[in-house]
Amino acid sequence: MVEIRLTNTRTRRKEVFTPIDPANVRMYVCGPTVYDRAHIGNARPVVVFDTLFRLLRHVYGADHVTYVRNFTDVDDKINAEAQRRRAAGRPGTLEELIRERTEETIAWYHADMDALGALRPTMEPRATEYIGAMIAMISDLIGKGHAYAADGHVLFRVRSYRDYGALSGRSVDDMIAGARVEVAPFKEDPMDFVLWKPSDADLPGWDSPWGRGRPGWHIECSAMSHELLGATFDIHGGGIDLQFPHHENEIAQSCCAHPEAGFARVWMHNEMLQVEGKKMSKSLGNFFTVRDLLDQGYPGEVIRMVYLGTHYSKPMDWTAEKAAQAEATLRKWRGLVADAKAAPEPSPSVIEALSDDLNTAGAIAALHALAGAGDAAGLKASAALLGLLEDGMGDWVRELEILEWLVEGEDARPVIEMTIEKIAKARSEKDYSTADSLKSALAEAGVTLSFDRDGGVTYKRAKKLDLSKLEGLQ
RNA sequence: GGCGGGUUGGCGGAGAGGUUACGCAGCGGAUUGCAAAUCCGUGAAGACCGGUUCGAUUCCGGUACCCGCCUCCA
């Protein structure tokens, strides 16, 4: 059995991973709030934990890993969008408009993450489908003295949980000292957080013992992980920004509701993503969704490769330069494995790298070694463990067939193909000056040609074509 | 202010207390009408200051700078 080592945020140490039940390894990852397209930062944990999922499936068997990733479909940003639509005259009740928004966002999310080669998790529960479980858990917490109802809200009594702050290394007193939060008058303690809050007529709500309302953010993950994975499970993942308060609060809720269980054994957090060295933000103009990148012509496989190039525990910088390098490498590898049949097993070197705290950069280095040795079968089988070089994701290599050739409504392809034929003819007649001038005109128009030794021609299309550059050529 | 992460060769980016990371770019060569691609070879590093050690880029402490969280943003 391969020994997997993972850095556990909870203990701040790299530990040997030992599943509670090797026949059912259980992992929960915090998923998206479905109010809009996923940005490229949202995609990092998806790729990271997808890779871990693949490794676990390889080691314990595909049928012995349960991966749960939730959709948060109760949220003020979703409500705001639905209210905006209603104000704009869209038909339907608020609940219907909310459902409409979350449905379309989930469909986008699936399409975008599929494009990155991420396997669908075993289960993708929605918060709204587990309201009953949340209410039951909240009632239980009240009964055990860990929560209290006040002014239509239910709050978690942070002081009732000794170990609060253990995950993120904070003490309650320090946090209060440095807190910038406004303290609601109904809180017993400034750090107490909301389990349930009241909804007015303009907000979605569910009936509860505390009146019509909606759940706080943190309780959904505690309730759903308990329902689907049990009171104790193996791995809980998410972005480092969730470490506090979200995960801290999850731990408090779950451990107080089920004090006999340990909740998640291993906590894993991926570091944040930056763009060209800066924090991604709308105001800086460097904010991209995954769909933006796909639309710009970056293949999903290339995006994935860029992500895997940096260890998950370090900040990752998205740059055009990295994408270009990743594309060149994948292009080379795709050429190598084009006619290869995958080996029955991935290379031990790749498994070893991934087993060492998901060292994806090391795994890629191992893939380079396989490629350098000409081991196409081994490369193909090993890359699959990283979600790379898989069948069905490589169409981007043959841009000619798949890209659209419309320029301002006209099909550019006949003009370009005719020009290419002229170049080929000129070359065969050794009229190199004509060939070169046509070639450079074509390059300016947006199509770069290269010739094989055996006379074949391959060409690469730029994102934007400008056919005016071809005018006036014979 | 509190907590946490980072700083490696021109660029990206890993591991290991002492032996080549790896990739890209560069340089030299093969191939090519010229290129591209491909192949072979090759130089180059670990923010700063101390400490531990026979020996540290790798461990410990400090300084500087960068980043994140503490505001339901992965």
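Each residue's number is its place along the chain shown, starting with 1.
Each Cβ is built from the backbone N, Cα and C atoms, and glycine gets one as well.
Its own atom aside, the Cβ of A:Cys30 (Zn(2+) binding site) has 21 Cβ atoms within 10 angstroms in the protein chains shown. Positions annotated as Zn(2+) binding site by TrEMBL: A:Cys30, A:Cys221, A:His246, A:Glu250.
The annotation motif ''HIGH' region' is assigned in TrEMBL to A:32-42. A mean pLDDT of 90 is what the model gives for the motif ''HIGH' region' (A:32-42).
Within the chain carrying the motif ''KMSKS' region' (A:279-283), a Cβ under 8 angstroms from the stretch's Cβ atoms is held by residues 39-41, 272-273, 318, all 6 or more beyond its ends. Sequence annotations record features per position, and here TrEMBL assigns motif ''KMSKS' region' to A:279-283.
Taking Cβ-Cβ distances under 8 Å and a sequence separation of 6 or more, A:Lys282 (ATP binding site) has no neighbours in its chain. Under the heading ATP binding site, TrEMBL lists A:Lys282.
As annotated by TrEMBL, domain 'Cysteinyl-tRNA synthetase class Ia DALR' applies to A:349-397.
Same-chain neighbours of the Zn(2+) site beyond A:Cys30, A:Cys221, A:His246, A:Glu250, judged by a C-beta within 8 angstroms of the site's C-beta center, are, in sequence order, A:Trp217, A:His218, A:Glu220, A:Ser222, A:His236, A:Gly238, A:Leu242, A:His247, A:Asn249.
Using a 10 Å radius centred on the Cβ of A:Glu250 (Zn(2+) binding site) and all shown protein chains, the other Cβ atoms total 27.
Note: A:Cys221 (Zn(2+) binding site) has non-local neighbours A:Tyr28, A:Cys30, A:Asn70, A:His246, A:Glu250, i.e. same-chain residues 6+ apart with C-beta under 8 A of its own C-beta.
Using a 10 Å radius centred on the Cβ of A:His246 (Zn(2+) binding site) and all shown protein chains, the other Cβ atoms total 17.
DSSP places the residues of the motif ''HIGH' region' (A:32-42) in helix, strand and coil in these numbers: 0 helix, 2 strand, 9 coil. For the recorded site, A:Lys282 (ATP binding site), the DSSP three-state label reads coil.
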